[in-house]
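**Student:** According to Swiss-Prot, the protein carries these features:
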ACT_SITE  16  active site
ACT_SITE  135  active site
């Protein structure tokens, strides 16, 4: 089995960054230190990660500048694609991140405020460089504004938008983004498994690749995410604290007939 776009499924460690250190909490709260960012990134590169995600978990809410120096240092030592997000507000922000060594840039809060920003970014740098990060949480069903039952949030999940998360993912794809980073704020950090229903809904709404994020806690969680429609699986604490390795996840997927690199 290949991903929805016919490619091998990617395994992506996510490095949530606070003040230059890798941290992981539950729902972006109660953050605890998980290690030096560049050191971890190099270890994941050697271990066989297909890509790395750097997410500044404070940038959007505190207005801090994006972590250019961290990206530069990491890009000098690792040779797999780097996706960077957090605090990206303008086309110029994307430009400096790509010049610093990022391969893809993830956008969330700024795009909610000005959706046409996605088209501007994709038009200037190419769809393959722009990822729409959708931090979605469950809301009561029956709402006319959020018919899918999931709402897009901003500022690390602290602010609701009233925008339907599935519809927002589809709009982002229409505006030219090359990928959707779909993060369940309900599942994030809980290790209870990915939100499979949300994955299926977004997979049915878009043709671009979808990265499943939020909830990975056991080896049994990854194969269902792929069968639900994920083209890539992203996890943080299970990798940082050595509860699982990249190799174990790839072996489990390969045993289930899923193509991995």
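Cβ coordinates come from backbone N, Cα and C, glycine included.
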**Student:** Residue 16 (active site) has how many other Cβ neighbours within 10 Å of its own Cβ?
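**Tutor:** For residue 16 (active site), the 10 Å Cβ neighbour count is 26.
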**Student:** Give the sequence-ordered list of residues that share a chain with residue 135 (active site), lie 6 or more positions from it, and have CB atoms under 8 Å from its CB.
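**Tutor:** Looking at Cβ-Cβ distances below 8 Å from residue 135 (active site), excluding near sequence neighbours, one finds 108, 152, 153, 154, 156, 157, 183, 185.
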